[in-house]
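Report on the structure given below.
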Amino acid sequence: MKRLLILEDGTIFEGQAFGSSEESIGEVVFNTGMTGYQETLSDPSYCGQIVTMTYPLIGNYGINKDDFETINPAIFGFVVKEYCETPSNFRSDESLDTFLKANDIPGIAGIDTRKLTKILRKHGTMRGILTKANENISVEEGLSKLKNKEPLTDQVARVSTMKPYVAPGRGYRIVLVDFGMKHGILRELTKRDCHVTVVPYNYSADNILRLKPDGIMLTNGPGNPKNVPESIEMIKKVIPSIPTFGICLGHQLLALACGANTDKLKFGHRGSNHPVYDFETKRAYLTSQNHGYAVTEDSIKSTELELTQVALNDKTVEGVKHSKYPAFSVQYHPEASPGPDDTNYLFDKFIDTITTFKATLKEEA
Amino acid sequence: MPKRTDIQKILVIGSGPIVIGQAAEFDYSGTQACQSLKEEGYTVILANSNPATIMTDHTIADTVYMEPLTVEFLSKIIRKERPDAILPTLGGQTGLNLAVALDESGILEETGTELLGTKLEAIQQAEDREKFRSLMNEINEPVPESQIVNTVDQALSFADEIGYPLIVRPAYTLGGTGGGMCYTEQDLREITRNGLSLSPVNQCLIERNIAGFKEIEYEVMRDKNDQAIVVCNMENIDPVGIHTGDSIVVAPSQTLSDREYQMLRSASLKIIRALKIEGGCNVQLALDTDSFQYYIIEVNPRVSRSSALASKATGYPIAKIAAKIAIGMTLDEIMNPITGTTYALYEPSLDYVVTKFPRFPFDKFVLGNRQLGTQMKATGEVMAIGRNFEESMLKGIRSLDISGEDFYLPNLSEKTVEELTERLVKPDDERIYVLAEVMRKGMTVEEIHQLTKIDRFFLNKLRKIIDFELKLAENHKNFELLEEAKLLGLSDTQIARVWNVEVDTVYQMRKDAGLFPVYKMVDTCAAEFESETPYFYSAYEEENESVVTDRKKVLVIGSGPIRIGQGIEFDYATVHSVLALKEAGFEAIIMNSNPETVSTDFSVSDKLYFEPLTLEDVMHVVELEKPEGVIVQFGGQTAINLAEGLERRGVQILGTPLEAIDTAEDRDKFEQLLQELNIPQPQGKSVRQLDQAKEAAGSIGYPVLVRPSYVIGGSQMEIVYSEDELESYLAKTNHIKHKHPVLIDKYLTGIEVEVDAISDGETTIIPGVMEHIERAGVHSGDSIAVYPTQRLSTNIKQKCVDITIKIAEKLGVKGLINIQFVVHKNEVYVLEVNPRASRTIPFLSKITGVTMANIATRCIIGKSLKEMGYERGLLPEPKTVSVKVPVFSFEKLRSVDTMLGPEMKSTGEAIGRDRTLEKALYKGLTASGLKIPMEGAVLITVADKDKQEAGEIAKRFFDLGFNLYATSGTAKHLQSLDLPVSEVGKVDAEGKNVLSIIEKGEVQVVVNSLTSGKKPRSDGFRIRRQAVEHGIACLTSLDTAEAIVNVIDSTTFTARPAVSGKAVVL
């Protein structure tokens, strides 16, 4: 069955439909990871986006029960060169195609994904429409559908938890503010025996403080950080008194809460091979990234934030820390999944920050 | 961190002659390293004994030493040059072992020279099995249960503990030499004994067999700041059990989930950090197919064959970056040369599939043991890039030059499923074809998986191709399916076979519909960053990225995989042609399929198309680029063979016209040409029928030389002494059935002479005339070549020169021509004319200083030699004597006869240069790996026809203080000459026999000549193999033996009485 992908500049790709046969409109982005499509598919940060995988063979090792980053995938569409119908791996439970069908995610295969990637790189991220399977519509029709559909602004609300819940442990009490959390973040905290209370993105500062957390984790999430102003206000109130660690959207929100600014990148960073230079350790690390927005470097200067890390290649802000409060954040994903675990030590650093902070409090007391 | 300023002069050690397990990849890495160091302003001294390399060009390093790679010679170089440092990790195992030996010898301490890059301690920790194992235990990385042994008994007692099967891995040997899989006690005894004798430290590792696990490799890099990255990971299609050099390998891994990928990545980085590697490193891992259990198999603490492959597969130049790391720079400050805007601290992302196929020498060694195991047997490899797996694989298969442009071996289709099943269980060099054939015969993926343990993913892909063939067959000339076929990577030839039509019909169908591929760029980053690298591969997709310029352009065809008869020499010529074209202002475009070579370094040409060298694939590039023409004369027989098809499709062949090529190759036309020019040649005939052959041979008179025409390196060429032998020869060659005829020539003995010349069609210059040590009959590639000639009279030499000029100008050669002569009874006969670059081009270019391929290229594009300042004739010869000595890989190829003959067997070459022939020979032979004994014993066992000559040689050995051993016939003859000789029994004789004295190391040299005919497994064969397996020089040509006696004579003293046999009169 045929299907079209029409971009807002009028570029049209014809390929084969797989997954759900429904239509979908979203922001078309590309991811350069050669493995990890299951984690990508289930990363809530992709809410509202149609993701193109630059690696041409996707689905080779199937879909398994272990590697999900969320229960209900939020991705709007999946673009591949070729999907594998006969996956092979000891953990494989089903094929990519059946998984996408079961989760109502439309996919398109058999298109020149490298051409698409180059278009996105040159023109910047664009919106696009994946047409219904076997539906023959003209470019004009597709473009008008695109135009008539307002871009999303409520992605965080769509993917954040509705109610607080607890992942119990015997260690530090962490409040994890869920903007679209990947399971990996929770896993890293529980691995360190933390008692994690996951709260919705719009949970108030007072309610958070009432939980008496030792630390606050601001997670990743989809979309523009400026779409969740209430969270920014919350962060302003909690960081003076509670050690805070932000990841991805959480990092952008921390920066906004401290008075810095964020902006949209031309085509974003999505993949498992992004080198980041850390000014503190004077070393570079390979990181897993997925962000379309970034903190602007100039805007940091007038704040109490310090730049700690930058992307080696394009100097995008990748990490900041607060000069007074025990708060720090990174733009990338130290929890990996998918991607390298080079920066996994940041979770230890978070635990150490809490320990040090508690010791200081004790001394002051 | 910036580069070091406390060192200025760096010695780079190359890898020496090409042998199985150590091929052109080290020319590529060494060349990159030298350039990388020079770029940073260091003075580079290079030592390498292999003249066929680009790295030994005077432009690559500041000073080049082409001396034997031994402690003795390297010490001289170090004392003379006083380098501040040595870079040893880019010259393969040879370079590394030499660095260790130099360090132990104390020379480095004496001269205050340090080793750059990875510390020696780390190297030893990675290479020494015991140290490596304890390190892995320390850092909690799993290794298979194993035991280090120094005796066979220790191996047996370990086997009692853990049972069979087991793997034997000798320490410090190349390409797994001497190792193997053992299923029984007998296997274990045999392989361990052999392994212990081959290991320089007399050590083997006996290891639990984890055959069947997935074999995964990671190419990793680390700098002194402890920053570490993975350049590429690769998955072997064949599971653990087949040496990775002999496996079909894909990049990136295809069947690993991110968790598995990252788990193995983290393990690899942990290991490189624990070893404190500074530079490149290769980690081989085995992964269970049914759990997350994995084992570390091996670590190579240096740039390797795999890293050359990874460099070409990703675009990330590992050797170049490793060299920069060695001088103290760090990954975060080195630019990624392929994008020019990003940094080397980066893990390439591929948006294509890479497949590597090994190229085996068994088209030459038909009788060799073809079974694959832990010891590498491939001489070279090809790489292919596609946007899907099938396309990548099929491109790889047609790059092999084995089944032409098709994926089909007719002789396999005649085999039964039972026969093929056996070959699935015991894999051999035709594995991929066997897999396809059992599928054609209906075997299921599951059945094959159970037999081979090859992952179902790969088998399903293969199944898809075979199923598609069936579908195609049912839809004759259906265009939609043709489109689908091209997407899947099927060649026109494959489609034509299935449809039973001519290739040109399929081509025409595509041409009418405009169904052509586009070209995609290899850019390390999956298009994330802009990149201007001119490195392309084809795909049937929408966007073409190869922008065609309006410059005048020329396409140069490379030589494909390294194989016996077509080695690195042709890459050398190709690269020089490309450089000459660039100098002349042309856009130089190169096409090649070999990942090991310098020619496929994207920085060499203006544009690189990494594609199979087939008519179809070349035409696609020609149709896009529309070059002025195509140059085929530098890429060996592979490129020459394309000429006819290209011309048929209207492509301009630049240089020597196709007609001239045809005249030289076609027997009748060639004969006519020589007659016309009044040039003698051995009497001969070309025949197409069996009975004609006998008649022809009879009329010419035995012995005769028989061979098929149009082949590489004298394939299947033999000297035949009788009609019986001729019959058995014809029975085993199938060429008589094919388009090309069989040639039968009178075999003339005499000095063989070889000439390489350059012609512009009007003027012909001869940079050098070489003579061979071995008489005609031994393939020129296996002979020791000497320049300038030592035994030829001025008159004979002038005759050779005159004939060369006549032939070149008559043929209208534009470019290079190589002619072989035999001097028989003071007359010069022409044996062979090759109107193309020959094997001796790099050797001659280096010793004469005449850059032959460059000058030839200028002739090809229309410059005249006169304009360049040359006059017709032989160029002046220097006083220095140079020899080119062949190097064999016999220890890697079991069951291959080491007897030299008309069929080429050598894999590489070494050079020796000095004031006298003997000194040059000493160096050349030493560089080739031969140990020249100065005392000891020699075993002589020769055919009747050789007895007289052998007697003279024996006498000289005796005079030099050697003891003589001989088998009965030879012994009798020696006794008749009053030479004291110990007679030894034949092969199976009780007590002391020919084999036991070799095994016990009682003799240092064996002189053996062929008894009669070509019976495999004859006594002579077993003697020769025994010598090879025990590392003893076995000389099968009396000429080589005489040369060695001369060398020994010139460096030692004889004991000769002043007076003998007379009464002393006072």
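Placement of Cβ uses the backbone N, Cα and C atoms for every residue, glycine included.
TrEMBL annotations: computationally assigned, not manually curated.
TrEMBL lists B:Gln284, B:Glu298 with the feature Mg(2+) 1 binding site. Sequence annotations record features per position, and here TrEMBL assigns Mn(2+) 1 binding site to B:Gln284, B:Glu298. What TrEMBL records for B:Glu298, B:Asn300 is Mg(2+) 2 binding site. The feature ATP 2 binding site is assigned by TrEMBL to B:Arg707, B:Lys746, B:Leu748, B:Glu752, B:Gly777, B:Val778, B:His779, B:Ser780, B:Gln820, B:Glu832. The Mg(2+) 3 binding site annotation in TrEMBL covers B:Gln820, B:Glu832. Per TrEMBL, Mg(2+) 4 binding site is recorded for B:Glu832, B:Asn834. For B:133-327, B:671-861, the entry in TrEMBL reads domain 'ATP-grasp'. Residues or ranges marked as domain 'MGS-like' in TrEMBL: B:930-1066. Per TrEMBL, the feature region 'Carboxyphosphate synthetic domain' maps to B:1-401.
Structure coloured by features recorded in TrEMBL.
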residue  : record                : DSSP class
B:Gln284 : Mg(2+) 1 binding site : strand
B:Glu298 : Mg(2+) 1 binding site : strand
B:Arg707 : ATP 2 binding site    : strand
B:Leu748 : ATP 2 binding site    : coil
B:Gly777 : ATP 2 binding site    : coil
B:Gln820 : ATP 2 binding site    : strand
B:Glu832 : Mg(2+) 3 binding site : strand
- request: For each of the binding-site residues (B:Arg707, B:His779), count the other CB atoms lying within 10 A of its CB, then report the residue with the highest count.
  value: B:His779
Field: Counts by DSSP class (helix H/G/I, strand E/B, coil) across the domain 'MGS-like' (B:930-1066)
entry: 56 helix, 20 strand, 61 coil
- prompt: Of all the binding-site residues given, namely B:Gln284, B:Glu298, B:Asn834, which is spatially nearest to B:Arg707 (ATP 2 binding site) at the Cα level?
  reply: B:Asn834
Query: What Cα-Cα separation, expressed in whole Å, is found between B:Gln820 (ATP 2 binding site) and B:Asn300 (Mg(2+) 2 binding site)?
result: 43
- line: The rounded CA-CA distance in Å from B:Leu748 (ATP 2 binding site) to B:Glu832 (Mg(2+) 3 binding site) is 13
Task: Check the Cα distances from B:Gln284 (Mg(2+) 1 binding site) to each of the binding-site residues B:Asn300, B:Gly777, B:His779, B:Glu832, B:Asn834 and keep only the ones within 10 Å.
output: B:Asn300
Query: Looking only at Cβ atoms, how many others are within 10 Å of the one on B:Gly777 (ATP 2 binding site)?
result: 21
Nearest recorded site to B:Asn300 (Mg(2+) 2 binding site) by CA-CA distance, among binding-site residues B:Gly777, B:His779, B:Asn834: B:His779
Query: Fewest neighbouring Cβ atoms within 10 Å: which of the binding-site residues B:Gln284, B:Asn300?
result: B:Gln284
- prompt: About how far apart, in whole Å, are the alpha carbons (Cα) of B:Gly777 (ATP 2 binding site) and B:Asn834 (Mg(2+) 4 binding site)?
  reply: 18
Query: About how far apart, in whole Å, are the alpha carbons (Cα) of B:Asn834 (Mg(2+) 4 binding site) and B:His779 (ATP 2 binding site)?
result: 14
- prompt: What is the Cβ neighbour count of B:Glu298 (Mg(2+) 1 binding site) at a 10 Å cut-off, with all protein chains included?
  reply: 19
Field: Extent of the ATP 2 binding site in Å [max Cα distance among B:Arg707, B:Lys746, B:Leu748, B:Glu752, B:Gly777, B:Val778, B:His779, B:Ser780, B:Gln820, B:Glu832]
entry: 18
Field: Residue pair B:Glu832 (Mg(2+) 3 binding site), B:His779 (ATP 2 binding site) - Cα distance, angstrom, rounded
entry: 12
Query: Looking only at the domain 'MGS-like' (B:930-1066), what is the mean pLDDT?
result: 86
Field: Cβ neighbour count (within 10 Å, all chains shown) around B:Gln820 (ATP 2 binding site)
entry: 20
Task: Take the Cβ of B:Leu748 (ATP 2 binding site) and count every other Cβ within 10 Å, whichever protein chain it belongs to.
output: 21
- prompt: At the level of the C-alpha atoms, what whole-angstrom distance separates B:Glu298 (Mg(2+) 1 binding site) and B:His779 (ATP 2 binding site)?
  reply: 39
